[in-house]
Amino acid sequence: MSALTLSQAISSLKDKLCQLAKLTPAEPIVQLAAEVQAIPLISWLASQPSYPRIYWQGRDRLEEVAAIGSCLDFRFEDEVTDEALAEVYETQRAYSSNQEIRYYGGVAFDREIASWPEFGRARFLLPRIELRRSSDYFRLLVNLNLGQGDQQQEIAQAQAALDALVPARPMTPPTKTEQLSRNDRPDYPRWKTLVEQVTAPRFNQDTPKVVLSRLTQLQVKDTPDPWQVLASWQGRNPNSFQFGFEFSPERSFISCSPERLYRRQQQELYTEALAGTTIRGLSPEEDERLAQQLLDDNKNSNENQLVREHIVKALTPLSRYVGADETPTIFKLNHIQHLHRSIRAELRHGVKDFQLLQALHPTPAVGGLPRESAISFLRQREGYMRGWYAGACGYLNKYESEFAVAIRCALLEPGCINLFAGAGIVAGSDPQAEWQELENKLATIMSILLDF
């Protein structure tokens, strides 16, 4: 059967909903699907009138999802305990045996303190509508939660969501916005003090790494469309995860992150140590020279090795086998390049995603080492609330899950763009060089947003 047009796929799904109304499903969560012709997902998502709106594209670009609405929403405004995350995991497993059912969301960097409005300290939801691309295969999906009461009402709400869908409008590049003011938290004098505190021998001997970060708030004349910004960002940094969460029109969070937290396929797990940074060269020869300098640099090599050792140690109790690259390779982005080591594990039977999130997040690449003392330092002295920046964002289901580390990201609010960047501070770190690293990490998104 050939793929349907969008309108034909909507009609097909509405017919299936009518048939469902005559049945008593065996499970509370039901998903209906129709193959559809190729559609530009991010343009389609930006065209829809409904919220929440969620976007996800894997780093290998083989899979892409645009999702709208919600039929099951787990939202944590208060402290997120391991038990609470376990309940989410067990609920989604109990509600359906369908391996295609996915819950999308994220966990804040620090689950023990307040987070952004609407996002909470953690939030996972089952969308009402999904448009999924796997390579060149597109499907339109509708999800129903029949476990909370009136089946006919749930079907009617699903039909209404399908009726509200509109075709994709052409996506244009974002209009450059006018910057009215800029505020850095911390500012450079405070940053210099923090770096000196972290590198002081008495502190550094017990806490060898702290990832300091900076919030750059841009007051702007007009807030750009988040999906236009993310689409442009995709083109600049293709070797990245791209994702976005817009739970309401007031606030959107987008990221073009190079860093995988983990990918799980049943009991196979893939993760990485991504730490150590330098700029890209202006010529192939200079680029190669800078890459070799990064590989040879003791400070950056030590930083990456610390991350590798921590991840292997964290995974060992959960795994039958853990293997990690002994030497780093270079991972190149548009403006910068990183040291990278791949890590693989075969998980023990029964290990769950909430255990992996607890063990791996926050990674030393965004928090520090040891985790507890580094995060304690950040809570007391960094001077702003990270929210979902440096958190974990992705999806989970019974068969597989994937989470990216939410770096290279932006929180867009009316009249304000919040940009985030961090740098790993270890013995030998120079405050001015680390401050410049923050600027390098923001270079791509700043060039998309602003005229210089």
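Placement of Cβ uses the backbone N, Cα and C atoms for every residue, glycine included.
Positions annotated as domain 'Chorismate-utilising enzyme C-terminal' by TrEMBL: 190-441. Taken from TrEMBL, the feature active site, proton acceptor covers Lys209. Annotated active site, proton donor per TrEMBL: Glu259, in sequence order. Per TrEMBL, the feature Mg(2+) binding site maps to Glu303, Glu437.
A map of TrEMBL features onto the structure.
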residue: Lys209; record: active site, proton acceptor; contacts (Cβ under 8 Å, 6+ apart): Glu303, Leu306, Pro364, Gly368, Leu369, Ala374, Gly424, Ile425, Val426
residue: Glu259; record: active site, proton donor; contacts (Cβ under 8 Å, 6+ apart): Phe241, Glu272, Leu274, Ala365, Ala404, Val405, Ile407
residue: Glu437; record: Mg(2+) binding site; contacts (Cβ under 8 Å, 6+ apart): Thr277, Ala421, Ala423
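Annotation note: the residue listed as 'active site, proton donor' sits in a coil segment as assigned by DSSP. A sphere of 10 angstroms centred on the C-beta of Glu303 (Mg(2+) binding site) encloses 27 other C-beta atoms. In the three-state DSSP scheme, Glu437 (Mg(2+) binding site) is classed as helix.
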